[in-house]
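Novice: The structure that follows is given in the form of structure tokens.
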């Protein structure tokens, strides 16, 4: 007798019927796949490792809130200028009104703009800290970002505190035109006043750090630190290749390439960043 004619009990046939089997629903975000090595891991494992792949050390993007938790002593964070909100001086519109885009992004991220600033302690040492957030319009630098960072640096100068800025940005915000470009000079001027008081400024470059941010305060640190394999650039790779009519190296605009050519002082993994910053702050205080 052929298998097709083999008698099956009704209850057995129903037990092996896929349609009748109980389906298991897996919650969204439970698993995360590494973009670099392809490792599939629990999201909790990635979070516990500060969003660094435990297999290949690929650095996932981290939010400004996550950065604060990773770097600052618990309970010591004092935010600054949380009330500042961008306006729409040009009445700019692309696919939607800039004013509406600001509202939508604020609702989605819970942020007022692309940077959080404030003071806190790192192993008891008080610092002024600015953390850019790429989730808010690509971390673009508009008038509010520039004003908040300038006020942060002025406070650091007034209170004789070291300043640390973590950069993550696509550059100047085109929706604000010249108002965004002038922030480059404004922040740089505040840094010069901070420097004249012989105070420490540490710039930490994360992926990506590009455009007007790279062309100003990101590269003005007394110490310039970058995360591994971070994209750090001014113009885009294709723009440069089309301009100079040459092919660029594969690792061009990576933190490793910049370190090799003397643009960076250190490349530090996110898992070691807090301890390295504390070490630098201790050495700076000891040298006074």
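Just so it is clear, glycine is given a Cβ too, placed from its N, Cα and C backbone atoms.
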Novice: Pick from 11-33, 34-56: which range does Swiss-Prot record as zinc finger?
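Specialist: Comparing 11-33, 34-56 with Swiss-Prot, zinc finger matches 34-56.
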Novice: Report, as a single number, how many Cβ atoms besides its own are within 10 Å of the Cβ of residue 53 (Zn(2+) binding site).
Specialist: 21
Novice: Would you mind checking how many other C-beta atoms are within 10 angstroms of the C-beta on residue 34 (Zn(2+) binding site)?
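Specialist: Looking across every protein chain shown, the total is 18.
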Novice: List every residue in the same chain as residue 56 (Zn(2+) binding site), at least 6 positions away in sequence, whose Cβ is under 8 Å from its Cβ.
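Specialist: Within the chain, residue 56 (Zn(2+) binding site) has Cβ neighbours under 8 Å at 34, 36, 37, 39.
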